[in-house]
Amino acid sequence: MSYDPPNYGVQSTPEPEAVPVCPRHPDRVSYVRCQRCGRPTCGECQRPAAVGIQCVDCVAEAQRAMPTQRTALGGKVRAGVPLVTYAIIGATALAFLLQFILPSFDTSLLYAGILTGSEPWRMLTSALLHSQSMIFHILFNMYLLYAIGGMLEPLLGRARFLALYVLSAIGGSVAVLWLEDPRVAVIGASGAVFGLFGALLVIMRQRRVNYTGILITVAINLVLGFIPGFNISWQAHVGGLLVGLALGAVFAYAPAGPRRATIQWAGVAVVTAALGVLTYLGWITLAERFIG
């Protein structure tokens with residue numbers, strides 16, 4: 001039988017309590033605890049909450065649990081500037097500057113139907129180039145991109161807006177492949193801008209917003225392309241507009257719900273595939289005429 005010996009008046013020393021340290025920074029002592037998980041949190045990891053202080057891990061977990069805010073067309077709600085719009089404007093402005101600095105820069109990026117089979121990427125890169133003798137060309141296109149992009153990008157979200165711009169530019173080149181002399185070179189972002197116009201028209205109609213002004217603007221610019229002497233590729237305008245109308249319908253009329261994004265991106269894939277098929281058929285037809 002065992003027993004604890006008497007201490008005869010000698011006071012026992014209690015075990016020292018562990019010093020509270022921040023889990024993320026074990027070298028930092030902190031007596032402030034997170035109101036949510038109760039762990040110590042140092043000054044760097046503290047986040048003010050509605051009541052007291054929370055640690056950065058609990059704040060991040062709460063943010064992940066919150067549903068993502070979406071616009072009426074499924075885009076992610078973001079604060080700040082339309083980043084993709086500004087990036088495209090910046091890239092186009094840089095390309096315009098390089099046209100003056102590098103003598104062969106424009107000839108390496110412009111598009112002509114005859115180049116489709118060997119250098120198909122020109123169907124997109126030509127949208128970065130603009131007339132060096134007509135400064136109005138780039139200024140007008142970039143102003144329209146700034147104005148329409150500022151409306152569409154926040155509504156569609158960055159990814160959808162970028163897909164719209166890129167596919168509209170390619171759609172303009174596909175129309176050039178089918179409708180223009182294959183030896184004629186084209187440059188400019190007009191096809192992509194007309195795609196933005198087309199999408200905006202459909203979206204405004206679906207949302208029952210008066211689109212008369214936009215419709216008149218599109219009509220005037222389409223007519224200008226048919227006037228001799230203006231040296232405007234009406235084919236690119238028409239091709240970009242048609243792609244924009246198609247994608248605008250995909251984005252605007254996809255039913256709201258958890259599957260909306262899936263339906264929208266499936267529509268984007270269908271439009272992309274259609275452009276690919278039209279490009280292939282156009283090139284085969286062209287090759288038979290000029291090569292075969």
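The chain as shown is numbered from 1 upward.
Heads up, the Cβ atoms here are built off N, Cα and C, so glycines get one too.
So that you can see what the record holds, here are the features copied from TrEMBL:
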type	residues	note
TRANSMEM	83-102	transmembrane segment
DOMAIN	119-252	domain 'Peptidase S54 rhomboid'
TRANSMEM	127-149	transmembrane segment
TRANSMEM	161-179	transmembrane segment
TRANSMEM	185-204	transmembrane segment
TRANSMEM	211-230	transmembrane segment
TRANSMEM	236-254	transmembrane segment
TRANSMEM	266-286	transmembrane segment
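Regional average pLDDT for the domain 'Peptidase S54 rhomboid' (119-252) in the model is 94. Helix, strand and coil counts from DSSP across the domain 'Peptidase S54 rhomboid' (119-252) read 100 helix, 1 strand, 33 coil.
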